[in-house]
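Structure record follows, encoded as structure tokens.
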Amino acid sequence: MLTNTKPDEKIFQKNSTTGSYWITTFGCQMNKADSERMAGTLEKMGYTRADNELNADLVLYNTCTIRDNAEQKVYSFLGRQAKRKHKTPSLKLVVAGCLAQQEGESLLRRVPELDLVMGPQHVNNLENLLGKVDLGNQVAATEENFISEDITSARRESSICGWVNIIYGCNERCSYCVVPSVRGKEQSRYPNAIKSEIQKLAGDNFKEITLLGQNIDAYGRDLPGTTKEGRKENTLTDLLYYIHDVKGIRRIRFATSHPRYFSKRLIQACYELDKVCEHFHIPFQSGNDEILKQMSRGYTIKKYKNIIENIRSLMPDASITADAIVAFPGETEKQYQDTLKLITEIGFDQVNTAAYSPRPNTPAAVWSNQLSEEVKKARLQEINDLVEKTARSRNKRYINNIESVLIEGLNPKNSSQIMGRTRTNRLTFVEIPKNIDFNFSLGDEIDVRINETRPFSLTGELYL
């Protein structure tokens, strides 16, 4: 077994065996972007994408550990593949991502059929690690690693909308969150490297980019440079101005934001820069200040409301989405009701909700005031019902509006419709006109009159 080998330790020239591969991705947008990069590496090595995981010569699970149910799903998938490997010993079985980082070598002991366990900081090192596997080693790569600016060419899932990582890791210490221990410290990419990647995407006819970071407002804190006024000059705001002139890119998004660092200057930039879309994903997690303090979030509900007010004062129709956790340890009924009240007051377009799940090596996991599964289930159901009701009400404002929709493809459930997204990130289905000659290409922007709404999508017709 080789464990925690140095990233630059070259013990092979070229992988001797390739074949087909399959990647299953669990979790967040960061994982999706990492999976695209690993797929690009595998195809550069000579692998081809399998039609399903049961036919693949290499199966890779890019995992999430933010909640227990995400972990259990991975172990279920691994169990099936472990049985398959007994029948097909040549199968390569890889676990990447946050669960791999959290469990490390213990995952190799739990699932001895695994060939490679690699944390998210080793995405760029996949080829070298597989070379070590080819030499007959079982490999764990979970040591802290500097993430190279030499971003591997990704195999993009979309040909129109591209993920662009701008900062890795997280320096926050929220009491419930395992991310800092599995994603590592913040590492910002340099602006010129980011812009070069975006220019390449534009050259490949991409029309939209989403800048990604676990805590994207922290971008640049670890980079050198200050202005004459003493302000950091490499911030997310500065980056938006810097990349805005890339020709061919029509839309710019970013996620995920932290309320502690969401500034008026950033809001002003989003208002001034035409390509930056009017969609803001800003998790609030709880509507109660005492719970926020116990979560170590570093802001109050008053501050959060001020952020939303500042956004809507400049962009009244902006879409506001968020994350929320219910049944945090010790959360009283009154504190929980404060969260429901905030959802109603703000009028979110969408909220990703979860019941609290204890995570290893986090302070809240060992607190004695854990709530019962019954309470968790009831509160999660109630908040989900409210989120859907609020989203349904919010979407009604689009009726009869003319919205610009970026075409992403055909509706997979209805071939008579094309689908895309508005600038506010509303999924929109558009009936293909039958009475006129209508030709479209992926990446076209079309005007759509909205005539029907659902909680999380819109339907409309081409507006000529």
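Keep in mind that glycine also has a Cβ here, set from the backbone N, Cα and C atoms.
Record features (Swiss-Prot):
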{"type": "DOMAIN", "residues": "19-135", "note": "domain 'MTTase N-terminal'"}
{"type": "BINDING", "residues": "C28, C64, C98", "note": "[4Fe-4S] cluster 1 binding site"}
{"type": "DOMAIN", "residues": "156-394", "note": "domain 'Radical SAM core'"}
{"type": "BINDING", "residues": "C170, C174, C177", "note": "[4Fe-4S] cluster 2 binding site"}
{"type": "DOMAIN", "residues": "396-464", "note": "domain 'TRAM'"}
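On the structure: features taken from Swiss-Prot.
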| residue | record | Cβ neighbours (10 Å) |
| --- | --- | --- |
| C28 | [4Fe-4S] cluster 1 binding site | 18 |
| C64 | [4Fe-4S] cluster 1 binding site | 22 |
| C98 | [4Fe-4S] cluster 1 binding site | 26 |
| C170 | [4Fe-4S] cluster 2 binding site | 21 |
| C174 | [4Fe-4S] cluster 2 binding site | 21 |
| C177 | [4Fe-4S] cluster 2 binding site | 22 |
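When the Cα atoms are compared, C170 ([4Fe-4S] cluster 2 binding site) and C98 ([4Fe-4S] cluster 1 binding site) turn out to be 13 Å apart.
Counting only the Cα atoms, the space from C98 ([4Fe-4S] cluster 1 binding site) to C177 ([4Fe-4S] cluster 2 binding site) is about 12 angstrom. For the domain 'MTTase N-terminal' (19-135), the model's average pLDDT works out to 95. What surrounds the [4Fe-4S] cluster 1 site, by Cβ distance within 8 Å of the Cβ centroid and not counting C28, C64, C98, is the set F26, G27, M30, N31, T63, T65, I66, A70, G97, L99, V179 from the same chain. Secondary structure counts, DSSP: the domain 'TRAM' (396-464) has 3 helix, 39 strand, 27 coil. Listed in chain order, the residues near the [4Fe-4S] cluster 2 site other than C170, C174, C177 are E172, R173, Y176, V178, V179, P180, Q214, N215, each with its Cβ within 8 Å of the site Cβ centroid. Under the DSSP three-state reduction, C98 ([4Fe-4S] cluster 1 binding site) is assigned to helix. In the three-state DSSP reading, C177 ([4Fe-4S] cluster 2 binding site) counts as coil.
Here C28 ([4Fe-4S] cluster 1 binding site) is positioned 18 angstrom away from C174 ([4Fe-4S] cluster 2 binding site), judged by their C-alpha atoms.
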